[in-house]
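Here the structure comes first, spelled out in structure tokens, and everything after it is commentary.
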Amino acid sequence: MALDGIRMPDGCYADGTWELSVHVTDLNRDVTLRVTGEVHIGGVMLKLVEKLDVKKDWSDHALWWEKKRTWLLKTHWTLDKYGIQADAKLQFTPQHKLLRLQLPNMKYVKVKVNFSDRVFKAVSDICKTFNIRHPEELSLLKKPRDPTKKKKKKLDDQSEDEALELEGPLITPGSGSIYSSPGLYSKTMTPTYDAHDGSPLSPTSAWFGDSALSEGNPGILAVSQPITSPEILAKMFKPQALLDKAKINQGWLDSSRSLMEQDVKENEALLLRFKYYSFFDLNPKYDAIRINQLYEQAKWAILLEEIECTEEEMMMFAALQYHINKLSIMTSENHLNNSDKEVDEVDAALSDLEITLEGGKTSTILGDITSIPELADYIKVFKPKKLTLKGYKQYWCTFKDTSISCYKSKEESSGTPAHQMNLRGCEVTPDVNISGQKFNIKLLIPVAEGMNEIWLRCDNEKQYAHWMAACRLASKGKTMADSSYNLEVQNILSFLKMQHLNPDPQLIPEQITTDITPECLVSPRYLKKYKNKQITARILEAHQNVAQMSLIEAKMRFIQAWQSLPEFGITHFIARFQGGKKEELIGIAYNRLIRMDASTGDAIKTWRFSNMKQWNVNWEIKMVTVEFADEVRLSFICTEVDCKVVHEFIGGYIFLSTRAKDQNESLDEEMFYKLTSGWV
């Protein structure tokens, strides 16, 4: 008997080899290999394939160590280096697996994704295949459970999802000649879409090659999908309170780890969403799918009451939805007969329209670049205090740089102001009612002990637009000399104009009232408040303000109006602050952190990222600490979510703030990981 066949008490053989168990998932077979600790991973896979003796392309397969939840991707590493011994159970499994992906439009597609890639890379590949630029703005999250419903059987969930399945599966290829979306920006990019209606300028096969996507009609991702049944909306989970909104954010996946490492199973349903509310370089010539999916995410956020809006704003959103639904049907029909379209001058101008919170357009009227514009007018000012019944008091107010000075009269404006406030770092919230002619601006100005609340009341839309634009810029430390000021004023005026009621409702043709389904256009709150006939009439009145818009312009205006809502762009988390006894909310926006009251959502204190020195996480006690200038230190523990999610949001927004239009290279993945992972 040969010595090498004798097995020792520790499981090793006399010749130093031992048995390694590998489960081959494709064949559902367990294979035992004789190895030593010095064998490298590549050698293990070679031995395994030779022993299987099955003619098959194994190039996409890799070894997965279930117990340690890790991929063994470093093929030059030995078993010893990985710490693998005879008790290890490995899997030999494909890296690319199917996912059921719910897009922002709530439709599901079947996608093949690399389960061994970090989620950030996997999302980039998904977006590249779907022709969505700037994938760094999106990520994946697990589906939130509706706490008000009892646990359902999986079959019930699946039947609900199948009602939202897109026609024809979209299978993302693992490789191949797919359309390669440019990196951050390219001046030599060729327009891919009609800037009028967002349709492809060339057949879909030209921009998706021979991939399986072209069979599944990827162009459908650029087309708005109307809600066909009120029952679909009724079944959706609607957060009832701010705490419910915060709990949704528990589901965000870790961008620095792979899907398998986060216990995502093959064929599992995940949500693809715009995670960061900082949309860079939205351009109709290249971004029809991106714009449509962004519009869809905004639409559902409003319908499911994830974000608050006034009654007038809701009717405006409903009118835009109705208009977009009508034009989407017309566009689909037109393109069956005619795929060639000319882009006229209006469309060419529209194609350069960008919607970002920062503005970004250079004004054609530069004026005197050495002088900073000022505002001066009579404004009503109110400082709410406890146990006071005093209302608004009129002052002559001047707005210079980032400060407002209040004088008792215009004649006294050369002297010392009665009040003065610097708006740098403040919170600016609109309080507007068009029909009631109410144009208020709520300011929360940071002071040492918290926030001072000040209200400004304007007399009309024009005055409000100029002062609101100046307040928004001042809160970011910018003055009215900034190139985005005039654009901000125009955006506010157009937003208000869309909410105007039509003075002559008789102009609305009666026959078009039949194709409106109010239950699919407004949130449940207003369905309870008004009869369907009343809502239909108001939607049609509001529609006359947007009826002349092209399809892409209507979607862009919808996104812009969504961005104008007070709650836009704030991601909530439940937190307990150091020294605090009760649970509060921490809100993270693209440029600041906000400590919030959990019941009302009111801002208690705001800290700007521009004033931040550093942030870190104590992984043992799960505490996030952020240090700001002036020795300010903020520490909190997240109670319902892994602190890694909050850490990634802060680092992610810092990463997005480094983007610039003159960059012409692909994303700096390593920089993203350094800012967000916490351990790279």
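Positions of Cβ are set from backbone N, Cα and C atoms, glycine also.
As recorded in Swiss-Prot, the features of this protein are as follows:
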REGION    40-81  region 'Interaction with membranes containing phosphatidylinositol phosphate'
REGION    141-165  region 'Disordered'
MOD_RES   Ser159  phosphoserine
MOD_RES   Ser181  phosphoserine
DOMAIN    189-661  domain 'FERM'
MOD_RES   Ser339  phosphoserine
MOD_RES   Ser351  phosphoserine
DOMAIN    380-476  domain 'PH'
MOD_RES   Ser666  phosphoserine
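For the domain 'FERM' (189-661), the model's average pLDDT works out to 84. If you draw a 10 Å sphere around the CB of Ser666 (phosphoserine), it holds 12 other CB atoms from the protein chains shown. Ser666 (phosphoserine) carries neither a helix nor a strand DSSP state and counts as coil. When DSSP labels each residue, the domain 'PH' (380-476) comes out as 20 helix, 46 strand, 31 coil, counted as helix, strand and coil in that order.
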